[in-house]
Protein chains: 4
Amino acid sequence: MRIGVLTSGGDCPGLNAVIRSVVHRAVADHGDEVIGFHDGWRGLLDCDYRPLDLDAVNGILARGGTILGSSRVQPAHLRGGVEQARGHVKDLGLDAIIPIGGEGTLKAAHLLSEAGLPIVGVPKTIDNDIASTDVTFGFDTAVGVATEALDRLKTTAESHQRVLIVEVMGRHTGWIALHSGMAAGAHAIVVPERPFDIDELTELVGKRFSAGKKFAIVVVAEGAKPREGSMEFNVGKTDQYGHERFAGVASQLAIELEERLGKEARPVILGHVQRGGTPTAYDRVLATRFGWHAVEAAHRGEFGMMTALRGTNIEMVPLASAVEELKTVPAARYGEAECVL
Amino acid sequence: MRIGVLTSGGDCPGLNAVIRSVVHRAVADHGDEVIGFHDGWRGLLDCDYRPLDLDAVNGILARGGTILGSSRVQPAHLRGGVEQARGHVKDLGLDAIIPIGGEGTLKAAHLLSEAGLPIVGVPKTIDNDIASTDVTFGFDTAVGVATEALDRLKTTAESHQRVLIVEVMGRHTGWIALHSGMAAGAHAIVVPERPFDIDELTELVGKRFSAGKKFAIVVVAEGAKPREGSMEFNVGKTDQYGHERFAGVASQLAIELEERLGKEARPVILGHVQRGGTPTAYDRVLATRFGWHAVEAAHRGEFGMMTALRGTNIEMVPLASAVEELKTVPAARYGEAECVL
Amino acid sequence: MRIGVLTSGGDCPGLNAVIRSVVHRAVADHGDEVIGFHDGWRGLLDCDYRPLDLDAVNGILARGGTILGSSRVQPAHLRGGVEQARGHVKDLGLDAIIPIGGEGTLKAAHLLSEAGLPIVGVPKTIDNDIASTDVTFGFDTAVGVATEALDRLKTTAESHQRVLIVEVMGRHTGWIALHSGMAAGAHAIVVPERPFDIDELTELVGKRFSAGKKFAIVVVAEGAKPREGSMEFNVGKTDQYGHERFAGVASQLAIELEERLGKEARPVILGHVQRGGTPTAYDRVLATRFGWHAVEAAHRGEFGMMTALRGTNIEMVPLASAVEELKTVPAARYGEAECVL
Amino acid sequence: MRIGVLTSGGDCPGLNAVIRSVVHRAVADHGDEVIGFHDGWRGLLDCDYRPLDLDAVNGILARGGTILGSSRVQPAHLRGGVEQARGHVKDLGLDAIIPIGGEGTLKAAHLLSEAGLPIVGVPKTIDNDIASTDVTFGFDTAVGVATEALDRLKTTAESHQRVLIVEVMGRHTGWIALHSGMAAGAHAIVVPERPFDIDELTELVGKRFSAGKKFAIVVVAEGAKPREGSMEFNVGKTDQYGHERFAGVASQLAIELEERLGKEARPVILGHVQRGGTPTAYDRVLATRFGWHAVEAAHRGEFGMMTALRGTNIEMVPLASAVEELKTVPAARYGEAECVL
């Protein structure tokens with residue numbers, strides 16, 4: 001069999017583990033040939049690739065990033081992209097393509113699959129918001145990094161007698177905020193799924209101070225927004241240079257809470273550190289299993305599917321189901337955390 | 001409601017997180033009273049306990065060990081133990097008891113439950129071998145610690161051109177060996193579920209050297225044993241002092257492999273470091289959820305049950321089902337790792 | 001002997017280790033009595049303190065923050081502050097006061113010492129900018145945290161093909177920037193000691209891209225500033241709300257470099273995470289030695305001095321010398337890093 | 001200039017950082033040519049090497065091990081070794097050789113230097129026992145790994161109410177034992193420099209239990225021995241298979257202390273995990289500075305010298321002075337730790 005693999009979208013701990021696993025299973029066990037496209041779909045569209053043998057994936061299991069590079073190019077966005085992809089797959093004699101990527105990538109994969117290409121997807125996102133799989137690799141690492149930061153911030157918030165508003169990743173869902181907030185014992189967790197009421201948040205934090213506590217940690221997902229009319233809020237506000245990137249929810253919350261509580265409040269934006277570097281053991285195992293099962297699915301001819309964790313098993317689920325809607329945090333989970341607004 | 005909580009058996013990262021969660025949910029949300037028995041069942045039998053309010057569990061979420069202490073005392077092993085427990089539960093006016101423990105503890109819990117005591121169990125074991133739950137807290141931390149050690153050992157094995165035989169925990173099951181071995185890219189994994197053939201192991205490792213590699217990492221669970229007749233093996237062999245503890249499988253394998261391969265082989269026994277210290281974010285979240293749901297079950301009057309992770313949900317399962325048999329590594333998982341003997 | 005100890009100024013990993021060491025040495029070895037003032041000098045001025053025995057410092061060695069609390073109150077800033085302090089020292093029968101703090105604290109300590117109080121200082125700053133000591137505790141932890149973040153950011157910068165401008169602590173000196181930048185292999189390091197020329201920085205980073213590299217990491221100390229006239233720069237610029245805190249050097253550099261290089265550039269501000277949490281082994285040892293030697297100095301009657309690391313020895317140096325000027329990064333160190341502007 | 005570099009002896013975190021730094025400074029700044037010999041002196045004797053350009057050292061700064069490989073081959077041990085080395089240096093047109101290694105390697109370097117070869121040494125040992133330099137790289141990482149393990153073991157010792165005897169590296173000196181023991185708050189530290197009296201050790205640990213504590217941690221350097229006549233002790237005792245490696249001081253101490261104290265005592269041997277894996281920031285900076293200064297010394301023609309840390313400066317010291325005697329822990333340091341026997 002001849003298999004092409006590619007990584008697409010943002011960085012995510014575990015990408016290399018999947019690539020390695022695909023190569024190990026395909027080359028060492030099945031005697032397949034594997035090629036890796038450079039920079040995601042761009043490599044497929046430009047026929048830019050390199051062969052991947054066992055040596056090529058030596059020592060990459062624990063390494064962050066992706067040896068194949070990535071990009072945000074999507075075939076469907078390019079005129080004739082699908083046809084071009086189909087042509088190259090034929091020219092290269094590929095029996096299967098394994099794209100590893102997030103929501104956008106899986107949508108493209110689904111589209112190419114509908115167009116008849118032999119696709120087996122592997123879902124990837126630190127945000128954990130892909131439906132049909134219990135968990136995606138990268139999420140555990142992101143939560144771990146955020147938790148470690150929160151552990152450190154707690155002692156410093158206490159020493160400075162401050163409110164720290166810690167912004168973690170999660171544009172559309174609050175998974176990282178919920179898990180890192182629970183793991184670190186945050187005093188309030190603000191998620192995109194539930195627009196927050198600034199009065200309620202102020203009260204929640206304020207009660208801590210009334211009870212004699214000297215600090216508070218608020219974890220907020222970057223995509224969180226106030227309830228309509230709750231407070232003035234600048235969504236995607238651009239700065240004087242036309243950049244919209246430097247005025248996130250944590251900064252706005254810090255200003256608001258400081259004024260309302262009369263306590264020093266400071267934003268901390270964890271940022272990209274959550275999506276780089278060596279994956280946790282959990283993510284390495286999950287990524288390795290995904291790679292292994294993707295190869296198996298290809299050999300069984302199960303195309304148009306992607307790998308998914310269900311309980312402790314890896315199962316194949318239709319790409320279609322995965323891209324229908326985001327997996328948001330169910331309401332039942334908020335109760336467990338006690339402090340989700 | 002009046003709830004008693006206790007921790008029993010070996011150390012396990014996440015115990016304090018469960019205790020804290022029980023107290024938070026019961027005291028802060030339900031207005032319950034919680035007491036903590038000292039040193040596991042011993043505290044219940046001796047009526048040795050202390051009240052647990054919110055202050056008592058402040059700052060313990062990320063701390064290893066257990067603030068309540070532990071022991072291996074089991075009520076059923078003591079004459080009149082069950083009656084004594086029942087008497088104290090009555091005297092103390094307890095509406096529920098939440099024992100947090102491993103197989104032995106859950107068996108005792110089941111027994112007390114059968115005897116009519118209001119028990120809600122919380123399973124605990126770094127070995128991950130309790131049936132009816134996908135995962136137990138403590139396991140992820142143990143795997144993480146083992147993986148970090150393996151990552152470090154890899155560079156040193158390579159530099160010394162050696163075979164390292166790394167013994168990880170797992171008396172009856174190979175979960176830690178499998179996951180840490182997969183996460184670190186071990187070259188052979190030896191588990192208790194499959195008695196190993198020393199010839200096969202020698203061949204597997206030898207092939208690496210034949211292929212020009214300069215080192216190998218073998219991960220072996222402490223409970224692994226050779227196939228009958230495969231090699232001389234001293235199970236529970238005692239040393240000159242009558243202690244049986246210092247001659248484990250890794251040491252015996254190192255000697256055997258060194259002789260067979262003609263390569264330096266060294267044992268590394270990771271030991272207790274796998275079961276102490278701060279829990280990973282994963283384990284803290286799981287432990288917190290277990291504690292929360294145990295309190296809820298108590299309030300619903302669901303006794304004789306224990307908390308369990310099923311997919312992404314926490315469910316209540318009968319204690320009886322949990323203690324029937326160990327959850328061993330299913331054969332399908334060996335294939336994924338490629339190098340399980 | 002009766003000794004008072006206090007921690008003053010910003011959070012710094014190792015404070016608890018000093019407190020513990022003072023108590024261990026004084027109480028256990030010398031049979032002294034130790035009291036701890038709450039919230040730094042404020043506790044001394046308000047006579048707010050608690051006794052510190054061995055139990056009081058149990059388990060705090062590895063914990064971040066300070067069990068005594070801290071504040072930025074300085075006796076000299078308060079009318080009659082010095083007299084008040086003197087009075088309380090007399091009333092409490094203190095034979096020695098051991099303030100643990102940074103530049104401001106040591107200045108206050110010097111002043112009180114000049115006024116006749118029996119002071120033995122212990123220097124503390126993550127910035128490492130106190131003269132007369134080779135290193136201060138807290139610095140190694142801060143560098144470690146920053147380096148770990150940089151390690152992670154590297155893979156993500158590479159994957160996204162970006163320039164990341166990472167802002168680390170260091171208002172007046174570039175020690176953290178220099179060490180973390182060297183440790184992580186940053187491609188440019190910008191320090192307060194040398195106002196940077198934006199053209200030179202652009203060229204340095206640009207050369208990397210010309211050479212075919214796909215990303216760059218710039219480490220910049222928060223206190224770095226451009227050379228006069230080199231680029232428009234808003235020092236302490238306030239935002240629309242009158243807060244000056246959210247527009248640091250990294251953000252301004254990101255905008256400038258993006259425009260000049262035509263490459264995506266993003267700021268990452270590590271922030272408070274550098275000064276909280278468990279100290280490294282290095283910092284724990286240094287802090288413990290400082291505490292031990294401070295007690296010894298008190299017993300020898302060596303007042304007006306502070307502990308200092310010189311080579312591998314702890315020596316006592318005059319407080320006066322420590323507060324004369326900041327310890328900046330010497331020019332010879334820039335050359336070693338190759339990429340300091 | 002043409003420079004040869006090699007790494008010799010046991011694994012040590014930071015080796016790759018030195019290699020990278022040598023190449024960066026020599027190639028990028030001086031326009032030199034650098035070659036790397038494989039497997040230490042063996043590579044020089046066999047003329048087995050490869051060119052090292054900037055690409056060859058890309059991404060290795062944070063990686064454990066050595067890309068050049070290592071061995072324990074010493075030229076002086078081979079008949080004609082020195083002449084062979086001299087011949088190859090001449091044939092290859094080398095202007096300088098930079099061996100990176102421990103005591104044995106530096107002795108060989110000294111010998112070759114005496115024989116007229118242009119040598120600049122870089123000292124390396126996790127044991128920190130090389131004279132003339134305040135610290136060697138690798139030591140901080142080893143101490144960090146040991147401390148992290150001790151942190152974890154503390155909670156588990158407490159939970160199991162045990163004495164844990166933790167064996168750390170240090171065949172001839174107690175630096176790792178002293179620093180990790182101080183950093184983790186061990187209750188007794190046993191070092192090779194001071195043969196221990198088993199009665200005193202028993203008393204020290206016993207006092208803890210008498211005072212109501214429930215566990216104790218003893219840190220012991222692998223090279224520690226009892227005082228003559230203090231207890232039966234098997235040095236280099238071989239087991240039934242003729243291997244002497246599996247009966248270290250920790251195991252013997254555990255048996256002895258258990259019998260004397262009547263408390264469960266268990267040995268934990270940290271082993272090779274202390275010398276592998278990614279170096280700490282501290283070690284990366286020190287290693288990088290050593291590499292840089294070694295190249296500078298070569299360019300100044302300062303041969304027969306090695307790099308050394310003195311305070312905060314890197315200085316060149318005669319190889320001769322470095323190999324005269326081991327740097328043992330000075331007695332003054334024991335007092336600071338309070339619990340060194």
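Just so it is clear, glycine is given a Cβ too, placed from its N, Cα and C backbone atoms.
Where the annotation comes from TrEMBL, it is an automatic prediction and has not been curated.
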Of the residues D:Gly4, D:Gly10, D:Gly14, D:Gly170, only one is listed by TrEMBL in the ATP site with D:Arg72, D:Val73, D:Gly102, D:Glu103, D:Gly104, D:Thr105. Which is it?
D:Gly10
For the substrate site, TrEMBL lists D:Thr125, D:Ile126, D:Asp127, D:Met169, D:Gly170, D:Arg171, D:Glu222, D:Arg266, D:His272, D:Val273, D:Gln274, D:Arg275; sort out which one of D:Arg162, D:Arg260 goes with them.
D:Arg162
Taking only the residues the record lists as binding ATP, namely D:Gly10, D:Arg72, D:Val73, D:Gly102, D:Glu103, D:Gly104, D:Thr105, what is the largest Cα to Cα distance between any two of them, in Å to the nearest whole number?
13
With the ATP site defined by D:Gly10, D:Arg72, D:Val73, D:Gly102, D:Glu103, D:Gly104, D:Thr105, which remaining residues of that chain have Cβ atoms positioned within 8 Å of the Cβ centroid?
D:Ser8, D:Gly9, D:Gly40, D:Gln74, D:Gly101, D:Ala108
Within its own chain, what residues at least 6 apart in sequence put their Cβ under 8 Å from the Cβ of D:Arg72 (ATP binding site), listed in sequence order?
D:Ser8, D:Gly9, D:Gly40, D:Gly104
So among D:Val73, D:Glu103, D:Arg171, D:Val273, all listed as binding-site residues, which is physically nearest to D:Asp127 (active site, proton acceptor)? Use the C-alpha atoms.
D:Arg171
What same-chain residues, at least 6 away in sequence, bring their CB to under 8 Å of the CB of D:Met169 (substrate binding site)?
D:Ile126, D:Asp127, D:Ala142, D:Ala146, D:Ile176, D:Ala221, D:Glu222, D:Leu270, D:Gln274, D:Arg275
Validating a neighbour-count step here. Other CB atoms within 10 A of the CB of D:Asp127 (active site, proton acceptor): how many?
27
How big is the gap, in Å, between the Cα of D:Val73 (ATP binding site) and that of D:Val273 (substrate binding site), rounded to a whole number?
23
In Å, how large is the greatest distance between any two Cα atoms among D:Thr125, D:Ile126, D:Asp127, D:Arg162, D:Met169, D:Gly170, D:Arg171, D:Glu222, D:Arg266, D:His272, D:Val273, D:Gln274, D:Arg275, the listed binders of substrate?
33
Minimum Cα separation from D:Val273 (substrate binding site), reported as the residue among binding-site residues D:Gly10, D:Gly102, D:Glu103, D:Thr105 that achieves it:
D:Gly10
Just to confirm: which same-chain residues, 6+ apart in sequence, have a Cβ under 8 Å from the Cβ of D:Glu103 (ATP binding site)?
D:Thr125, D:Asp129, D:Ile130, D:Val323, D:Leu326
Rounded to the nearest Å, what's the C-alpha distance separating D:Arg266 (substrate binding site) and D:Thr105 (ATP binding site)? Just drop the number here, would you?
36
